[in-house]
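Noted in TrEMBL for the protein shown:
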- 23-286: domain 'NADH:quinone oxidoreductase/Mrp antiporter transmembrane' (DOMAIN)
- 289-342: domain 'NADH dehydrogenase subunit 2 C-terminal' (DOMAIN)
- 60-80: transmembrane segment (TRANSMEM)
- 92-115: transmembrane segment (TRANSMEM)
- 151-170: transmembrane segment (TRANSMEM)
- 177-195: transmembrane segment (TRANSMEM)
- 201-221: transmembrane segment (TRANSMEM)
- 233-254: transmembrane segment (TRANSMEM)
- 274-293: transmembrane segment (TRANSMEM)
- 325-346: transmembrane segment (TRANSMEM)
Amino acid sequence: MNPYILAALLFGLGLGTTVTFASSHWLLAWMGLEMNTLAIIPLMAQHHHPRAVEATTKYFLTQATAAAMILFASTTNAWLTGQWDIQQMSHPLPITVVTVALALKIGLAPVHAWLPEVMQGLDLVTGLVLSTWQKLAPFALLLQLQPANSAILVALGLASTLAGGWGGLNQTQLRKILAYSSIAHLGWMILILQFSPSLTLLTLLTYFVMTLSTFLVFKLNKSTSINMLATSWAKAPALTALAPLILLSLGGLPPLTGFMPKWLILQELAKQDLAPTATLAAMSALLSLYFYLRLTYAMTLTMSPNSLTGTTPWRLQHLQFSLPLALATATTLLLLPLAPAVVALLTL
């Protein structure tokens, strides 16, 4: 892609998110979301592969549906209450419609079916943008909404953690596995959203860092399926030793960074007298952990029958810039000791 066009599209992507961040009026927020969608579509379809075009079409249709629902909900709210302000939304009908619309935008269960299909048609870099940056604007709106019925968000969160866990069990494609991982993590965030918004932001941030390092590892190894992971030891032995830890951090195992948000969320749910919800969420984390362990097993304990036994592959210079990967990996593995400081910040 022409660098000038790429720069313009990335600028549009950033501008759309910033407009949504800065807006207190529903029409401006909707415009920001639309700019965001229209900027990422050419990035998705840039390879002109039938699979990429199909993924782009599916993404466009789902985002357009969600945007139409948001517009409908905000005009209904203006009609019922005379308010266009995001934080002044008080009627239960528009609040519920807009919550479902934003759930469709980010890919929460039960409106999650488009996300794995779209991710499978994209390259790893665009998939990374879809998994991280594209979640920011809808989350900014969700954080400003006062839920009409707290059971809606808890139901969406539990459904997402379970769907993300069950859905990823049978997958062999890494991008689909990461899509289901995204659905499960979003479920954890939505579960705690109304009780502790700052904890939701912490979970979102740690998820971004862990996903960044996972995608960069797969990009460095040029892996798109579980079978291709088996050859990674010949390409980057040191990274292959660290990659299982990154995956287990995504799964939420101590003493890695990914354990911190899950631990704090379960603690907060217990404080809110939602012990059954916390138990279900913790059980669903085991489902996700299974497919991370599957990737770990494929990467470290299996050997591809056709990989080179010599040292040539990993002596060749990689074209990928390795500093982001190094920083993301260090953050993914080593931040758990900061948990007391994070808890102190959350309680301010």
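A Cβ is built for glycine as well, from the same backbone N, Cα and C atoms used for every other residue.
All TrEMBL annotations are machine predictions without curation.
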Using a cut-off of under 8 Å between C-beta atoms, tell me which stretch among 60-80, 151-170, 177-195, 201-221, 233-254 contacts the transmembrane segment (274-293) the most.
151-170
Short question: which residues 6 or more past the ends of the transmembrane segment (201-221) have a Cβ under 8 Å from it?
124-125, 127-128, 131-132, 135, 139, 143, 174, 178, 181-182, 185, 188-189, 192, 228-229, 231-232, 235-236, 239, 243, 246-247, 249-250, 257-258, 260-261, 264-265, 318, 320, 322, 324-325, 328-329, 331-332, 335, 342, 346
So which of 60-80, 151-170, 233-254 is most in touch with the transmembrane segment (177-195), counting Cβ pairs under 8 Å?
151-170
What else in the chain is close to the transmembrane segment (151-170), if you only count residues 6 or more beyond its ends and a Cβ gap under 8 Å?
96, 99, 103, 108-110, 112, 116, 176-177, 180-194, 274, 277, 280-281, 284-288, 290-291
Mind checking which residues of the chain, 6+ beyond the ends of the transmembrane segment (233-254), have their Cβ under 8 Å from one of its Cβ atoms?
181, 210-211, 213-214, 217, 220-222, 261-263, 285, 288-289, 292-293, 295-296, 299-300, 303, 307-309, 313-314, 318, 325, 329, 332-333, 336
